[in-house]
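I have placed the structure first, in the form of structure tokens, so that the comments after it can refer back to it.
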Amino acid sequence: MSVIQELHRQLVRKERSATEITQAYLDRIAQVEPTLHSFLTVTRDRALAQAAEVDKRLAAGEEIGLLTGIPLAIKDNLCTYGVRTTCASKMLEHFVPPYESTVTEKLQAAGAIMVGKTNLDEFAMGSSTENSAFGFTANPWNPERVSGGSSGGSAAAVAARECAAALGSDTGGSIRQPAAFCGVVGLKPTYGLVSRYGLVAYASSLDQIGPLAPTVTDAAILLGAIAGHDPKDATSLRVPIPDYTQALKPDLKGMRIGLIQETVGEGVQPEVKSALEAALKTLEALGATLVELSCPRFAYGLPTYYIIAPSEASANLARYDGVNFGFRAEGASDLLEMYMKTRAQGFGAEVKRRIMIGTYALSAGYYDAYYLRAQKVRTLIKEDFARAFEQVDVLICPTAPTTAFKAGEKTADPLSMYLSDLMTIPVNLAGLPGLSVPCGFDSNGLPIGLQLIGNVLQEATLFHVAYAYEQTTPWHQQQPQL
């Protein structure tokens, strides 16, 4: 039984009240936060007030949904009405949104309880949470290691049982890579399946919101609650949303799974490769047919992404100038100086780096050579995936080339940090769904993630394969000792 299902069972049978469950998670947060720093804001009073409302409904004999009374954490780049939303940036340190994001509105309507807002790399730009203006989030399995990024706070909170599940956002791997590093399940849905309204934009053609959860079932429940068309998001897809839990079947007879050859070569940690090989044997034993295939342009994903994403970021982040909201620098003698001082003092080094890259790529003399060419390569990557899905139902590869690295190890070398997302970035460029599921541990006791990639809107297929694998392996049952 999943964490959400077990908590729901306890509530319905009146074994525990919503207040008791919420208080237990808040106590856990208080216990481990000095070590982890998963949260930027803990909404203690609000959470207990929400729990009290759920208890009133239960006392009145009301039937409740699966998410009613379930404590969840929300990445701090999702707008929450009346609750500070910082994007882990000095620029928005005191910003309190006047509106609610669609996904958090849906969770509220489902009766879920928000216990807090989680840490991230500033404006979701990074792979370790070390770019947060408010300190990095430690890995629950080893606090000297990073939790991944940019949704490191959400991944660590789920792994450390500070919440039942969490929401993150994924632009180039920001849900899946931290999920792998922290040993939890993380899904980046098909582009447009989940509304982006109220998500503070980084790269709008790549950003997507998704669940991080302790089990595949929990992730399926959470996706079902947040997916669906939204007129407030022009890129939102008008498609029916199935009950994803119906796809959770234990055997894989007839399933064709393709191993992407380009993802098991140089640069992959040997223990990650071994875990992948063991996972492939397990999937075969469950009835799947394995096919080795090539996505020749997979390797071009990284350079393509680091032209397209910064280009979109340079446009999206132009709004932070000290005029309407957020941080405003003091001591400027005129408007131009105020703009310059605000942006110089308000943004961190990595955000400035990406704005500069993007502005350069979009400039008149370089637009064709960089941005336009990157968009053409993006199309070729999509075509590679389309050809692969003519042969198989699901593609498979490691989520990340390595397990979690030490804090401070890669901060001086941005390129080595960018390589953490080598396996995840092409999935965003193609707009496909990708899921990371735990598949073992290395010799240092650090989790390893297995990435499953599906065709457009094939989340149910990913859940099916991940669930079958999860049910025959012990990885999801292991928890960090904190």
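Note: Cβ is positioned from N, Cα and C throughout, glycine not excepted.
If you look up Swiss-Prot, you'll see Lys75, Ser150 marked as active site, charge relay system. Residues or ranges marked as active site, acyl-ester intermediate by Swiss-Prot on the basis of sequence analysis: Ser174.
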(Q) If I restrict to non-local contacts, at least six residues apart, and a C-beta distance under 8 angstroms, what lies near Ser150 (active site, charge relay system) in its own chain? (A) Leu120, Asp121, Ala124, Met125, Gly126, Ser127, Thr129, Asn131, Gly168, Ser169, Thr171, Ser174, Pro178
Q.
Let me spell it out: for each of the active-site residues (Lys75, Ser174), count the other Cβ atoms within 10 Å of that residue's Cβ, using every protein chain shown. Which one has the most?
A. Ser174
**Q.** DSSP three-state assignment for Lys75 (active site, charge relay system)
**A.** strand
Q.
According to DSSP, does Ser150 (active site, charge relay system) sit in a helix, a strand, or coil?
A. coil
